[in-house]
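What follows is a short report on a single structure.
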Amino acid sequence: MNEVYQNGNGNKRDMATLVKLFQPVSEKSNGSGNKVTVVGCGQVGMAAVFSMLTQNVTNDVALVDMMGDKLKGEMMDLQHGSAFMRNAKVNASQDYSITAGSKICIVTAGVRQREGESRLDLVQRNTDVLKCIIPQLVKYSPDAIFLIASNPVDILTYVTARFRYLLSEKLGIAATSCHGYIIGEHGDSSVPVWSGVNIAGVRLSDLNPKIGTEEDPEDWQQIHQSVVKSAYEVIKLKGYTSWAIGLSLSQLARTILTNANSVHAVSTYMKGEHGVEEEVFLSLPAVLGHNGVVDVIRQPLTEKEAEQLRQSAALMAQVQAGIQF
Ligand SMILES: NC(=O)C1=CN([C@@H]2O[C@H](COP(=O)(O)OP(=O)(O)OC[C@H]3O[C@@H](n4cnc5c(N)ncnc54)[C@H](O)[C@@H]3O)[C@@H](O)[C@H]2O)C=CC1
Ligand SMILES: CC(=O)C(=O)O
């Protein structure tokens, strides 16, 4: 008998377990195409472009920046490395028509934090920057998936990666084998989901019920404090952060282009989830594919974790209310 084994889109979406696990957001797609636009050719943008080209995530990149000379210089520098890449096509222009037909538009333009500033301090300046950029991108690539890295942002994949790195240091195990999520704001009010941190399915909260609390004699909560401080520390030391966010953006782009349906912590609309009543975007683990966010994973949170998430949502709503459009 010939059996057809399917994965990904072949699974039965109305299966009871899947109905409980997933909050449907959009249809899964089987499309293709790998053109990626990056707007903002600063430290973050170029780290993302370099990661994508050298990791063969895409071989077709369009660059846009408001600084013409810098833009041309970055384009030429990359083109001169063509012999070391796989058919890389790198175009750049201040005219958004070069972005036409992009599958993904990554926005890394805008101001970054100066020492002592929080991500939320950038909100008005970068809202104004995005107001100029987004309509142009939509005009030329109406079907593109947008990855916004400019701050304040809630693409938490990067912070979650820091969390997994710091967990791996404490456990003496590779970061790729440490599983755990940070949800909520990409910033000071982020929430570590200690109840779900696990190694090979063994939950650390089963081994240490006080993990992540003030009463924990092993002081695991210090790892989250270090995560929150990480960007401030790197910015103080080198002026900006770039490599980890560049690698993170590259991984997200690969997931979207390959329709991987893998799970990443990204910022998504979350009114109604975990009792959040505000119209905010915050980070939750989500399934990403060709159409961007396909499902949000319904993590069982402790009441304390859910309350911290709602506080993060209230803070976002408060900041949003102050933005002048
Ligand atoms: N989501 C995350 O985890 C991270 C986010 N960031 C954020 O990424 C953003 C960029 O940071 P960096 O690359 O370090 O800054 P950067 O100053 O090195 O680069 C920003 C680039 O944006 C360009 N730009 C500004 N306004 C523009 C406009 N209207 N149109 C086109 N280009 C424009 C500038 O000319 C500059 O080349 C900041 O908001 C920063 O806070 C930085 C690190 C991590
Ligand atoms: C700057 C920033 O958002 C970060 O490195 O996490």
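Each Cβ is built from the backbone N, Cα and C atoms, and glycine gets one as well.
Automated prediction, rather than curation, is the source of TrEMBL annotations.
Site annotation for NAD(+) in TrEMBL covers Gly40, Cys41, Gly42, Gln43, Val44, Gly45, Asn126, and the matching candidate from Asp14, Asp65, Asp69 is Asp65. In the predicted model, the domain 'Lactate/malate dehydrogenase N-terminal' (35-163) has a mean pLDDT of 90. In three-state terms derived from DSSP, Asp65 (NAD(+) binding site) belongs to neither a helical nor a strand segment and is classed as coil. The separation of His186 (active site, proton acceptor) from Gly42 (NAD(+) binding site), Cα to Cα, is 20 Å.
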